[in-house]
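Visitor: After the structure tokens below, expect a handful of questions from me.
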Ligand SMILES: *[C@@H]1O[C@H](CO)[C@@H](O)[C@H](O)[C@H]1NC(C)=O
Ligand SMILES: *[C@@H]1O[C@H](CO)[C@@H](O)[C@H](O)[C@H]1NC(C)=O
């Protein structure tokens, strides 16, 4: 236990390195009187042409009579890190910097009393690395310093810097292609609205707004990522991107709630409990978006990153559950109406539609939250773009399904139904009731 005790502070690092997010930008961190044995800074997937730029200034050590070769920066993959922990545990080494499994970038013994250093480290083994600071005199030494770090890959021939981690470098193109798809969908939807303008409801115009917001959001994300790729910083485009993410998030959840309640095509007004769902979901979306901004901007080792990640997950789960209630209420109402008002066929059709919608919303939520997360976790850093593509494809399928099923109809099937269909539907409902009993 005694031996294991000094490894405990390393656990958060272990947990964090198993998280899939790979950030990339130029980062700045201030460390003040810190005695942590391990301070993780950033994570990056290098190709064969990777470079780490590390500029550290304002270094001050609380005690300079120690062996400073045991204080410094190193790069380490997650796999090697597990072995290093084992070596420390077995007593083979006494400091992570002594292991031949880590790539030492700079130890403070080369500092020679100076207060700052700039170093360039070439990484030619492609892999995903963590930049970590080790202080092997944690009880005796407190460190203060300002750390500027940048990690990037040089593009094969042209030697242009690419600040996006290997595996994420094609993301700008992915987002751009998806934004084109949504702009096309918006055009298709406009032509549908024009042709069926007599039977289009307000909700159909709202759907158009949602598609356009999604398209603009993807376009901003493409530009944001491509700006980071070129410069290593996100400034400018990220604000537009967050703004449209926010609008898109709110409008999508509102749309799911409104369709779920049947607003505008089943009834003109919202009930109180349905309004309450919106009043819960909209403020929560604001919180979720703030959390998302903090998460993205601070990187996986940033201050309070874990807390914000948890807030985001919690809020997201609550929103996802809340939007299901109106659909369930609608299904219940339709079932009751089908039994009482004699228009069985009409109601059965609506009922089927709402049941399908319920299943598809659940599938969409499950896929974009759980399956995508699992994909992110199991795929190699080289293919981390695949989870983005999977999430965007699922979202696209959801938009297309919603648009197709709830499109404005020239002859409205809800209201024009002949007697034969009516009888068949009444039979079907009766059968269904028997099954449920
Ligand atoms: C690292 O790569 C850069 C750019 O290719 C080159 O200028 C520099 O000499 C290399 N440094 C070392 C130590 O290999
Ligand atoms: C590090 O310092 C060099 C030289 O001053 C500078 O060109 C480079 O941009 C700096 N890098 C970072 C990440 O701050």
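Think of each number as a place in line: the chain as shown, counted from 1.
Using N, Cα and C of the backbone, Cβ positions are placed for all residues, glycine too.
According to TrEMBL, the protein carries these features:
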- 1-24: signal peptide (SIGNAL)
- 30-153: domain 'CAND6/7 N-terminal' (DOMAIN)
- 172-412: domain 'GOST seven transmembrane' (DOMAIN)
- 174-194: transmembrane segment (TRANSMEM)
- 201-219: transmembrane segment (TRANSMEM)
- 239-265: transmembrane segment (TRANSMEM)
- 277-295: transmembrane segment (TRANSMEM)
- 307-329: transmembrane segment (TRANSMEM)
- 357-375: transmembrane segment (TRANSMEM)
- 381-401: transmembrane segment (TRANSMEM)
Visitor: Per the definition of 3+ C-beta pairs under 8 A with sequence separation of 6 or more, do the transmembrane segment (239-265) and the transmembrane segment (307-329) touch?
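Guide: Yes, the transmembrane segment (239-265) contacts the transmembrane segment (307-329).
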Visitor: At least three Cβ pairs under 8 Å linking the transmembrane segment (357-375) and the transmembrane segment (277-295), pairs spaced 6 or more in sequence?
Guide: no
Visitor: Taking the transmembrane segment (174-194) as the first stretch and the transmembrane segment (277-295) as the second, find out whether 3 or more Cβ pairs fall under 8 Å, excluding pairs closer than 6 in sequence.
Guide: no
Visitor: According to DSSP, how is the domain 'CAND6/7 N-terminal' (30-153) divided among helix, strand and coil residues?
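Guide: Across the domain 'CAND6/7 N-terminal' (30-153), DSSP assigns the residues as follows: 23 helix, 65 strand, 36 coil.
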Visitor: Using Cβ atoms and a strict cutoff of less than 8 Å, what residues sit near the transmembrane segment (381-401) while being 6 or more residues removed from its termini?
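Guide: Long-range Cβ neighbours of the transmembrane segment (381-401): 20, 22, 45, 126-128, 165-168, 170-171, 174, 178, 181-182, 185, 210-211, 214, 218, 360-361, 364, 367-368, 371-373, 375.
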Visitor: Please give the sequence-distant neighbours of the transmembrane segment (201-219): residues at least 6 beyond its ends with Cβ less than 8 Å from one of its Cβ atoms.
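Guide: For the transmembrane segment (201-219), the sequence-distant neighbours (Cβ-Cβ under 8 Å, at least 6 residues beyond its ends) are 175-176, 178-179, 182-183, 185-186, 189-190, 193, 241, 244-245, 247-248, 251-252, 254-255, 258-259, 263-265, 392, 395, 399, 402-403, 406-408.
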